[in-house]
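*Asks:* Okay, handing you the structure first.
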């Protein structure tokens, strides 16, 4: 009788700008506080594609081969000796950012700001676009039976929306402007509505994406063409009948940030989620004299439990965001599809024995 084939650890590895390869890596052994995961679903993020195209994002530079992927879920294969809350067979969602030390930011509960944090697929740390991956067990969260692996993977972008809405103070009855109808704009829309926003208006250049935003719950949409930032602000006010209390900017485009400042109600909050140029010209005086608070967002913290509750209770529905699925073996084709701007969220299926959502 032939011996069973040894499982491989096919991994998607970026070696430098434009150099993306599928390679077989050793299956890692979990440490005492880690779990080994059989990966199931991993979403492609814009940052993954940026590392592939340019080999860097700001000061994060790919200096050695790095496995991509950080929007992920999988099944526990093996647990470390000190892990008590998980067991083999558990389905989990992975929070990609795990602090390495209990520094001042961790003590404040803002561990996302820790300069030494481990973060999947951020140099020099490997990600989880692979068959098998080990991770800090404290940052692996059990999925309820009614939450799919793909929903578990989408908790990562959903967490950005949760953190952004928290930073903006979105609450019952608010009018909210979301700039950008990409994946992050879409999850921000979903979270704002779930948190009680009375009306959410979404802006974008793409009529197709705005149609999707309308489909998943946007009250109003505004397609941008050649309007000035001031004109965009006036159109938003015209649609809502007032200025929004909260604007969440998800594009990073200079003109969109400018429009966000002009559009936000006096005393309101502008939250910057999208990453653009390091130096940006904005009408700060216009924000200052109207006490528009400008807040930054860097990833997220303390969001996975609430995201799981939102998904399990059906308070949000992220399933319509997935437009393409590829097996891990076709990862290069999947990345080319993303690069062409096709679809919204592309999901890679890492377990050859289970390609279901």
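Note that Cβ sites are derived from N, Cα and C of the backbone, with glycine treated the same way.
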*Asks:* According to Swiss-Prot, 204, 209, 273, 274, 275, 297, 298, 299 bind NAD(+); which one of 162, 184, 232, 346 is listed for that same site?
*Replies:* 184
*Asks:* With respect to Swiss-Prot, which of the residues 11, 81, 211, 256 bears the note phosphoserine?
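*Replies:* Annotation hit in Swiss-Prot: 211.
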*Asks:* Swiss-Prot tags one of 73, 82, 225, 353 as phosphoserine; which one?
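*Replies:* When Swiss-Prot is consulted, phosphoserine appears for 225.
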*Asks:* When the Cα-Cα distance from residue 70 (Zn(2+) binding site) is computed for each of the recorded positions 184, 211, 225, which gives the smallest value?
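*Replies:* Of all the candidates listed, 184 is nearest in space.
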*Asks:* Round to the nearest Å and give the CA-to-CA distance linking residue 297 (NAD(+) binding site) with residue 51 (substrate binding site).
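*Replies:* Distance (Cα to Cα, whole Å): 20 Å.
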*Asks:* Under DSSP, is residue 51 (substrate binding site) part of a helix or a strand, or is it coil?
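*Replies:* In the DSSP reduction, residue 51 (substrate binding site) maps to helix.
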*Asks:* According to DSSP, which kind of secondary structure is residue 71 (Zn(2+) binding site) found in, if we only use helix, strand and coil?
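*Replies:* In the DSSP reduction, residue 71 (Zn(2+) binding site) maps to strand.
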